[in-house]
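Remarks on the structure that follows.
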């Protein structure tokens, strides 16, 4: 049973390979009557797309989305929405030298052993390029959630390599190529400049949040809201860790401080990250991710080839030195996809959800 | 769409409440022909059950499992396996004082708002008691994985509150009530003794692993093996963070060190935690969890009641001061349930999986 | 991937064997707040249960249902509802003579080849006894549909063997053991009396309907309402044919007569059986079923044993000479389960459904 | 929860509208390593496509399929296979006169009420044109089943309107535009010619079969093989009845004749239609369908408009006078999709299936 469909009621079925003719997805379950056009989707695709700064891969893809179905006279009809993105700048020759060897830290080894075959061009199906359809679907989810509940999404980078980034303001995030919540990114530019020169790559830590989340989303016992968020985030390429609210810091907390006190004016803190018992409380959803360093680097690595023989490998081609840089819009999209799915799931069993009430709005 | 079923091909449907007549689950999809009896399941239930030391809740539940169906003459028949556990030591009166107020950090607030109704007895459906059927189902999964692939599972506590626990050996784990991998647990006993006296609770960090995992398990793009592990673990009561392999430490790593080198004798390290591109590599699966402090404590907390009025709450009754202590067998069970589900999913599309080959056995 | 769960949003997971300790099911997804007690369920179980007339199997099962979870203070809580029915009158020795041979027309051959093992006691999992949990779950579905939409269900036998039964009135159905819509069932009694004496069995044709069905239920392209009804009905033991509305008679109809004309006062006919394009129109749902003769008969049949050797078989024990007699409440339950599932599915995507409007009420 | 995905392990997600830019589907779960190219798929598309005789709609669509993903160097890779078919001959103006009224017997009334919006161009999503992607996916399923088990599929028309078509030979089916198993189709041509002149439409009855089916496919209790076949077939546009094996004729049969006797050389008859207890026996699968007359006819019909006012309607445009004529390849495709899905489901739980053994091959 393959796993290329995300969600249960708002489902996104993803297809395509990095160097095939096109990539895309089919959304099934979008409520009818939503105003939707390509421009609604293109904005987030543009935030994610490659080639926009010298700190990301130089592959030049416009990532222009086409709506093939499910929209009539500018409104969703409740039928499947097929989204298509042409691949335009494949250079499969770049990969010639790595066809027969496995990159340390890369998916190629696992794909080869799983399927007995792989499309090696640009990482084939394992390429981060396949997050584009996810972002496109997420844009549809965001729009619906915004219109129905006023839910909004934000994300930023909070650490790159060893360099922690102190949070200043969400306002700065769109103004720099790092999605950094700071006014001055010169330290980041220097850091990334050094990294590129070294031919190496580094990890990153991201924060992603949702505001104005309806109370009551999440389906215990097993499909808790935090469980499904963790599923979504850990499934994002290169993610190795996920935290909700206080995350790993909760280990050293006492119950008397961790539990967020309630008052008639709302919660007094948000260690829970907006989720208790697997169900949203109306507080902001707070998620943190660890993204590993890109495996495709210019430093030679010891590895084996498909025959099991030892060899050494350098990965040329166009790669992101820190794949975390472009991951913020993807993480936002995934969070939106989880929330819309749970909003529909909740509506099925319990009827319409309630937006966050005044008493819980305080401690965001 | 409710979420009380775990897994897609080896499905576990969980039912019951903390203080109802019984709890249990139905396993659907277990391969036929597996030798199975109650004793196979009871062992892990006994590891999880309450009342076994002074550091856990004193509720006295034998957690005796009964197989109602799906087994004939000691073998699974391929039909649903229903497992039943009677509740025997409910004391619902213990909860009388908290029926009308919400415990800070507890699921009661969210359940109330989601369903408009809740069973308050013992936390009802949100009680950690409902992990018992998960453990029971996990024991069936473990047995099949052991027989077919030789896969084994281990888990231990690596931190309790501020107290880090250095790993000495798996051999110590069964010999102390903390699932601690150390010979001398006096420091732990002291720490927990102090905590209990204070009426407070603390968090914990666990490690759980699987050995002899077949290569090729995991279903990208969305149902990657690590994504499903994260789903399972974050869905475990009180978990706020999940790591695979190097986890959050990968943020500060370079690609040249994070990527595990391959040699003809196997991988040279395991930063990946046994998973690349969302697919198992045959290395050990390595998972780490953060478990928050129990919300039911004896220290008075500010909160509101169901009318939204401010009040103060103390949670009496029988509670675990560190819910992480009993969580190790649950985390193992969840890991086993994820692996068997993916083993069957892989078998469906790709045919039988391969056990880990010699070349990848080295760097566990 | 096993198939013991019915429905997608209102799911019923069925377990148990004919001669095991108990049978039952877990309902997940029932909306919270529904008044529910055992008596609500028992009524339909009593309509289905064996031993109530000389025309059905003499196995004496009270089929007393117990609610194990999901109901608190007489209301559903939105958590799983586990229903348990003890088996009390197993006589496994009755089956001693057929353990090693396959009954012509029976599931035993297929189970044996599928699983490599089978529970032969009373047909094990393939026994019609396993429809009892379906009926129990259907009673919950019926109650919710009745309360929310006023939907009601009716079923009757329209043919037994060669004997067609002209429809007189629904009022007669509860007054005879055949679910026949006629006042005088002496012809039926004579027919069945002759059949029993012959040691043979016969087929039956049933009609099942739903009234006051909301408009808009059904999920094209593939999960059309009629498709899911056909799935449910053909999955009922012994069913070999399913019709919606005009059914096979439509083959010889012209479009100018088949298409039901609409007027401001409603449709003028119901060849559609209440479903167009796979979506309910608000007209009555009309379904017809063909049920094959029971395979367990006293007439000797040529067959083979598990070694493939020819043999002859007579099936003693307690069997229904016409399994269709008790099938009416099961078919009603299945129809109710399909409708509630689609009501919740519709609500998820499109919001609350509308009950049938006056303009379409006429031509029922 | 929308229903545009067919299957559980070999899933087909269908998208597009009759007059949108393109239609297509995404197949997820296809086993890797299957040789596949467009020509493998085009053959069945050509059998279904419109405009090939004067007895079907004159819309001119080449239905040329493009594989967008999932195939590398002529082999499936185990990743999603996206299939795209451009719409080239839309004439939306043909539908101008029916935008505001509901066609008796057509899906437009139900779509309007369900979604509150509809794409009226060419029937939008409810058009039989959307069976093309199903046929394309079915061709992939057929190829895999043929290669792995030698399974083959055949279908034919057995009745059109009142005209029954006696079965002569499968060999005749490809030689006439009716999929009729007879050498001389002049009676059919006359019948259809008269019908077209009258401006009316008629129904049809089809038979579809599979040979060399593995033993053991089907997942009781609810996802029996016949249940899933009924789901597939009843979901095909215009189908109102489905039979397996003896179908409705079983009502008047005795158990002593209906039950197919087994001998060491195989079954002696096939009343079961190849399925017992919901599981395949290795005999041929035998299915029969009733297809209603097309609702789009030139004869004026009484109906209402979207305001509920009475009106009269004639449906111009290009329509099939007997939609059953082109349905044979669709029914074959659906049967293939059900079988591959169950083959993978069986493989997941029970390991590889067995092809039909000699002892059951006789009574096909």
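The backbone N, Cα and C atoms fix where each Cβ goes, and this holds for glycine too.
Just so you know, TrEMBL annotations are computer predictions that nobody has curated.
Under the heading NADP(+) binding site, TrEMBL lists B:48, B:54. Residue B:54 (NADP(+) binding site) has a Cβ environment of 12 other Cβ atoms inside 10 Å.
If you look up TrEMBL, you'll see B:125, B:126, B:127, B:237, B:238, B:277, B:292, B:293, B:294, B:295, B:296, B:318 marked as FMN binding site. Sequence-distant neighbours of residue B:292 (FMN binding site): residues of the same chain at least 6 apart with a C-beta under 8 Å from its C-beta are B:105, B:203, B:238, B:239, B:240. Following the DSSP three-state reduction, the secondary structure of residue B:292 (FMN binding site) is coil.
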Local Cβ density at residue B:296 (FMN binding site) - other Cβ atoms counted within 10 Å: 25
Alpha-carbon distance [residue B:54 (NADP(+) binding site); residue B:296 (FMN binding site)] in Å: 17
Separation of alpha carbons, residue B:127 (FMN binding site) and residue B:48 (NADP(+) binding site) (Å): 14
Residue B:54 (NADP(+) binding site) versus residue B:127 (FMN binding site) - Cα distance in angstrom: 20
Which of B:48, B:125, all binding-site residues, has a Cβ with the fewest other Cβ atoms inside 10 Å: B:48
Proximity to chain C among binding-site residues B:54, B:125, B:296, where any Cβ pair is under 8 Å: B:125
Recorded FMN site residues B:125, B:126, B:127, B:237, B:238, B:277, B:292, B:293, B:294, B:295, B:296, B:318, farthest C-alpha pair in Å: 44
Residue B:125 (FMN binding site) and residue B:54 (NADP(+) binding site), Cα-Cα, nearest whole angstrom: 25
Cβ atoms near residue B:294 (FMN binding site) (within 10 Å, other residues, all chains): 27
Packing count at residue B:127 (FMN binding site) (other Cβ atoms within 10 Å of its Cβ): 19
Interface-proximal binding-site residues, chain A, C-beta separation under 8 A, candidates B:48, B:54, B:292, B:294: B:292, B:294
Count of other CB atoms lying within 10 Å of the CB belonging to residue B:238 (FMN binding site): 25
